[in-house]
Amino acid sequence: MAASAAAATAAASAATAASAASGSPGSGEGSAGGEKRPAASSAAAASASASSPAGGGGEAQELLEHCGVCRERLRPERDPRLLPCLHSACSACLGPATPAAANNSGDGGSAGDGAMVDCPVCKQQCYSKDIVENYFMRDSGSKASSDSQDANQCCTSCEDNAPATSYCVECSEPLCETCVEAHQRVKYTKDHTVRSTGPAKTRDGERTVYCNVHKHEPLVLFCESCDTLTCRDCQLNAHKDHQYQFLEDAVRNQRKLLASLVKRLGDKHATLQKNTKEVRSSIRQVSDVQKRVQVDVKMAILQIMKELNKRGRVLVNDAQKVTEGQQERLERQHWTMTKIQKHQEHILRFASWALESDNNTALLLSKKLIYFQLHRALKMIVDPVEPHGEMKFQWDLNAWTKSAEAFGKIVAERPGTNSTGPGPMAPPRAPGPLSKQGSGSSQPMEVQEGYGFGTDDPYSSAEPHVSGMKRSRSGEGEVSGLMRKVPRVSLERLDLDLTSDSQPPVFKVFPGSTTEDYNLIVIERGAAAAAAGQAGTVPPGAPGAPPLPGMAIVKEEETEAAIGAPPAAPEGPETKPVLMALTEGPGAEGPRLASPSGSTSSGLEVVAPEVTSAPVSGPGILDDSATICRVCQKPGDLVMCNQCEFCFHLDCHLPSLQDVPGEEWSCSLCHVLPDLKEEDGSLSLDGADSTGVVAKLSPANQRKCERVLLALFCHEPCRPLHQLATDSTFSMEQPGGTLDLTLIRARLQEKLSPPYSSPQEFAQDVGRMFKQFNKLTEDKADVQSIIGLQRFFETRMNDAFGDTKFSAVLVEPPPLNLPSAGLSSQELSGPGDGP
């Protein structure tokens, strides 16, 4: 009996070890969990599936379950692998990894960590350590065979050849119903674990995965701190004090989040499809406009016979230049949008497929990759397509017959300005209006996203920058000549180019010495370095330098997830990043910082010159103010408010920021001030109390005054009041000393002594500044603006301090003899301040 029990124990140990070995994943982070999808996740999956385009084709759907190289169905014996781009391939079909020498030499990383692998489908490069096992396909190949094998298996404990209905884990043999009853009656086998026929599976038929360390423990917990699956023993030891969830809760929460992201991307993808069709229609309309103008020109030439033939040919050429330029931009824009559309279709198909799958293990292990792709696709800025501008030929038969040399011109209406051909201007005696203003016309959209595509369009020799005209309004008068091309240089976390193939988006990893090799992916959490170009001529390599030929970029918003961010490549003469101001669209989230130091992003992004209209400021007009500090109107290291989307230097904001804030940062104008309890007692205005201690504003009043002062700095009519003092060293010793916002800020920040001791004293200085500026100007418009500024300031003060009225103190008080702290203008103002 003892020998029989020992044999049974040995058999049970062998069976358990075999089960653990077959079920443990190669990465050591397998998962288990047989939870069914919650209703919310199922609804989100259905919504995502509905939003997925139907015209994707069978080949695109086939890529989800077949190898992208050999086209064979992915089975466990082929070791299916899932790449960061969400394409799958057999392990043997993946090309050999190429070491990234530049990365290893810069950071001292191991060769394995820096090895790069090319995706066989989209040619994207990724680190080999980021490639994971495709858990969705791990059990798919063996499911049918195991089911058929179990159906034909017979009981081995009796000679009746009865079909096996159960399986003893300790004895490792199938049992029929009769033997199961006998098995449970025998003393030495009644405690054995008898399961239904087949290997250990969860309720949904998903194979249980066991811990690599504790071989008999299934992975039943999800550690939120480490973002991985653990067993109970690991959670009590290696993951002690970590936040965790049971698989049921983790699967339910992750499915809801993924379903929400898929729905958002589906809606955005539908908008992109619509815009793509509109661009295609605009291309045809531009072609029709060209033909119509050409006919008008030829008909005019027939009226004045031979003397206008030469000028007529010039006008035809001018019309072709204008329309062909528009058509070329639209063709490139349409081509790029089509590429983005294809990539989004793949992401939608894969995410919907993952959500519809019952394999919860694979969903949790692959959710980081799916999150990353969904977030990046959602952050791509796609502006709506606007109708193209009208273009027609204008002429007067009687007047231009006498002036054949200056006959006619091509008028192309564009958003913000009108552009004519380079021919001579109309003579003064020409009757009739020369052109129509283009305030109601517009140009197609500008695509901004984070992918590079192959240049299979026929215009690869031109600047491959897909960009429309920025919206603005033209003033009175006529703008002649072609639009000025403004070079633009940007630094992004994703630096991509347009290569010569027509494959889906390509990720390049390290900057090279040539135009084609200028490719670097840097993915980091919570930071996005961006830049906007400035018009003008700059030396090569400096911010705003002219772009390299053949390069194009589309911008991408911040992503929230990081997948194996590579160390920064060493900066050399050809890879040194160019940092400029931050540019973000209206959908951006959280603050962003573009900094020349402390960042791992070193990719250089060169943007081809784009045709832009002259900047026109005014309400509702998109100008350069979105790319510069709201206070000093200069670029640099900026942080963006998550609510109002104003950008500030760290020192320009009030109060000054010591460190880069978090993602959900709000500026003082948007931040709700806490209800701070005011200090008891009142403070005198003489600058000191009975004990000789200098009086200061209470913390609550300090924050309120800073908020009001920041509102003045950001208020456009207050721009002339930023710095009125002309002395190199600010001083308020003279009673008639000039006051400006910079001096008031210095005193509020206690850079000048004495500091403000009450809100009334602060209001008196602002009122004194208004009155001084009123004396300096005789312009009626300036006088009216001062009245408006006083009302604006009084409203802000009343909003900040409740029912307290400050109208009485907005008069010039007796001059205060303030001792100068000897601070220079550079010390009193932030690094970007200035007139």
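Even glycines carry a Cβ here, placed using N, Cα and C.
The compositional bias 'Low complexity' feature in Swiss-Prot is assigned to 14-24 (among others).
Residues or ranges marked as compositional bias 'Low complexity' in Swiss-Prot: 39-53 (among others).
Feature annotation from Swiss-Prot assigns compositional bias 'Polar residues' to 436-445.
As annotated by Swiss-Prot, SUMO1 cross-link applies to Lys379 (among others), with the evidence given as similarity to another entry.
Among the features that Swiss-Prot reports, SUMO1 cross-link is placed at Lys470 (among others), with the record citing similarity to another entry.
Per Swiss-Prot, the feature SUMO cross-link maps to Lys555 (among others).
Summarising the annotation, Swiss-Prot assigns SUMO cross-link to Lys677 (among others) and lists similarity to another entry as the type of evidence.
If you draw a 10 Å sphere around the CB of Lys751 (SUMO1 cross-link), it holds 16 other CB atoms from the protein chains shown. A coil conformation is recorded for Lys751 (SUMO1 cross-link) in the three-state DSSP classification, outside any helix or strand. The feature SUMO1 cross-link is assigned by Swiss-Prot to Lys751 (among others).
Residues or ranges marked as SUMO cross-link in Swiss-Prot (evidence: similarity to another entry): Lys751 (among others).
Counting only same-chain residues six or more apart in sequence, none has a Cβ lying under 8 angstroms from the Cβ of Lys780 (SUMO1 cross-link). As annotated by Swiss-Prot, SUMO1 cross-link applies to Lys780 (among others).
For Lys268 (N6-acetyllysine), the Cβ neighbour count at a 10 Å cut-off comes to 18, with all displayed protein chains included. Summarising the annotation, Swiss-Prot assigns N6-acetyllysine to Lys268 (among others).
Swiss-Prot lists Lys306 (among others) with the feature N6-acetyllysine, giving similarity to another entry as the kind of evidence.
Residues or ranges marked as N6-acetyllysine by Swiss-Prot: Lys342 (among others).
Positions annotated as N6-acetyllysine by Swiss-Prot: Lys379 (among others). The secondary structure of Lys379 (SUMO1 cross-link), as reduced to three states from DSSP, is coil rather than helix or strand.
Sequence annotations record features per position, and here Swiss-Prot assigns phosphothreonine to Thr499.
Listed in sequence order, Lys696, Leu697, Cys705, Arg747, Leu748, Phe762, Asp765 are the same-chain residues six or more apart from Tyr756 (phosphotyrosine) with CB atoms under 8 A from its CB. Taken residue by residue with DSSP, Tyr756 (phosphotyrosine) is part of neither helix nor strand, so it is coil. Taken from Swiss-Prot, the feature phosphotyrosine applies to Tyr756, supported by similarity to another entry.
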Measure from the CA atom of Lys751 (SUMO1 cross-link) to the CA atom of Lys771 (N6-acetyllysine) and give the result in Å, rounded to a whole number.
24
For each of Lys342, Lys379, Lys771, Lys775, count the other CB atoms within 10 A of its CB; which of these recorded positions has the top count?
Lys379
Based on Cα distances to Lys268 (N6-acetyllysine), point out the closest of the recorded positions Lys342, Lys379, Lys751, Lys775.
Lys379
Separation of alpha carbons, Lys342 (N6-acetyllysine) and Lys379 (SUMO1 cross-link) (Å)
16
Just the number: how many Å between the Cα atoms of Lys751 (SUMO1 cross-link) and Lys775 (N6-acetyllysine)?
27
Can you tell me the CA-to-CA distance separating Lys342 (N6-acetyllysine) and Lys775 (N6-acetyllysine), as a whole number of Å?
64
DSSP state at Lys775 (N6-acetyllysine), helix/strand/coil
helix
Over the region 'Interaction with MAGEC2' (249-378), what is the model's mean pLDDT?
87
